Amino acid sequence: MGWVETAFVLIAETVSLGILSLPSTLDAVGLIPGVILLISLGIIATYTGYVLGQFKLKYPQVHTFADAGMICFGPPGYYICAIGQVLFLVFIMAAHILSFSIMCNVISDHSMCTIIFSAIGLALSAFGTIPRTMKGTVLMSYLSSASVLGAVFICMFGVGLAPGANSVTFKWFNRGTQFYTAFGAVTNIIFAYAGHVAFFMVFSEMKEPKHFWKSLYALQILEIILYTVTAIVIYRFTGSGVKSPALGSTSPLLSKIAYGIASPTIVVAGIINGHVAVKFLFMIFAKKRPHLVSSNGFAANALWIGILVALWIVAWVIASAIPVFNHLLGLISALFLSWFTYGISGYFWMYMNWGRLWATRWNMMLTVLNAGIMCMGSVIMVLGLYSSVKAMVNEKGSGCFSCADNS
């Protein structure tokens, strides 16, 4: 792929469910702190993405974080990063099942038990993951991204044109927010910059990987602008009444229309993530029997279906156990994105520059910066886990495996 096509793939892979939680983050911390967080975390994510690209150029054999872990830490690093990648993808699958149940509740006015809706989402997603090849994945990614953007724009117009929109009160600063709520808002922003986990794979598909920075900058500039504008507009016209996912913030009719338009990203993007996770584990299990990789026989298909059923059931359990959208996104960010998007890039930079960390003034500055990014990853993980668990414990009316309306 050329750098332009790569940029579109990165945009399609990254701009998804995360954007739907951003207006509520402004409500949690206030408009000005929220915008500062959106922009600053986006800029840091741009730098860490650049470091991943540099690492890829220095070690062309790297195609996944597991490969990078192998280079830096040997076999233990490979398996730790591999497990982290798979778990991250399973949690993303869970977020899509949860979003599917919310969508069904909104469109049908909670006509059935939420557990049934999530089980339907589980069945659809598992069925869609059965094909072992993903022909047209890029086109599906485009459709997925376009659908969520269309839904968000409808929501923006809906809240802006709603009666009394101009009289809605909002907060420039929200000094009354408790710490765990405020930090939960930070983790939701981090989730929106979740594309780094796929960077190695996408950069590997480029004709000239040295041009990765062009694709990266195109992605990050669009993300930062889109996220900031979306969050400001929806929060400005809904105030403390903003919901997460944000599609529920407009009128009941427009919410149903927006969720209908967003259905491709809710279903298809989940299937794509599921396919990547199943494929990764399938290749690991097939190492001792390499003929299974190209085989279409019973053993190969049984292994594939067994893996996908197991992963989707785990995802469904997670979605049912954490039925609040923001809490699930925050937990994903704390457990995985604290490192995939931020912390581990600092270590990769130090690994590439070991022996000359203090050689020049510029290197000294970058050493301090990347050490800070590593510390940042640790802080996000610890405080993010605390905030997510605290929020889940304090949540009322959203019990695990509940039939209650989660919209």
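Every residue, even glycine, has its Cβ placed from backbone N, Cα and C.
Feature annotations, courtesy of TrEMBL:
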DOMAIN    2-388  domain 'Amino acid transporter transmembrane'
TRANSMEM  7-26  transmembrane segment
TRANSMEM  32-52  transmembrane segment
TRANSMEM  78-103  transmembrane segment
TRANSMEM  109-130  transmembrane segment
TRANSMEM  142-162  transmembrane segment
TRANSMEM  182-204  transmembrane segment
TRANSMEM  216-237  transmembrane segment
TRANSMEM  257-286  transmembrane segment
TRANSMEM  298-322  transmembrane segment
TRANSMEM  328-350  transmembrane segment
TRANSMEM  362-386  transmembrane segment
Long-range environment of the transmembrane segment (216-237) - Cβ separation under 8 angstroms, sequence gap at least 6: 3-4, 7, 10-11, 14-15, 19, 22-27, 31, 34-35, 38-39, 42-43, 45-46, 49-50, 53, 149, 152, 155-156, 159-160, 162, 165-166, 168, 170, 189, 192-193, 195, 199, 246, 249
Cβ contacts under 8 Å made by the transmembrane segment (362-386) with residues that lie 6+ beyond its boundaries: 44, 47-48, 51, 180, 183-184, 186-187, 190, 330-331, 333-335, 337-339, 342-347, 349-350, 353, 356
Within-chain partners of the transmembrane segment (142-162) [C-beta distance under 8 Å, separation at least 6 from its ends]: 8, 11-13, 15-17, 19-20, 226, 230, 233-234, 237-238, 246-247, 249-251, 254-255, 257-259, 261-265, 268-269, 272
Residues from the same chain, set at least six apart from the ends of the transmembrane segment (32-52), whose C-beta lies under 8 A from its own: 22, 25-26, 172-174, 185-186, 189-190, 193, 195-196, 199-200, 203, 213, 216-217, 219-220, 223-224, 227-228, 231-232, 235, 341-342, 345-346, 348-349, 369-370, 373, 376
Cβ contacts the transmembrane segment (298-322)/the transmembrane segment (109-130), at least three under 8 Å, sequence gap 6 or more: yes
Per Cβ pairs under 8 Å, the stretch of 7-26, 78-103, 109-130, 257-286 packing most closely against the transmembrane segment (182-204): 7-26
Distant-in-sequence neighbours of the transmembrane segment (7-26), which means Cβ under 8 A and at least six residues beyond its ends: 1, 34-35, 37-38, 95-96, 99, 138, 141-142, 144-145, 148-149, 152, 170, 185-186, 188-189, 191-195, 198-199, 202, 205, 214-216, 218-219, 222-223, 226-227, 230-232, 234-235, 238, 242-247, 249, 265-266, 269, 325-326, 329
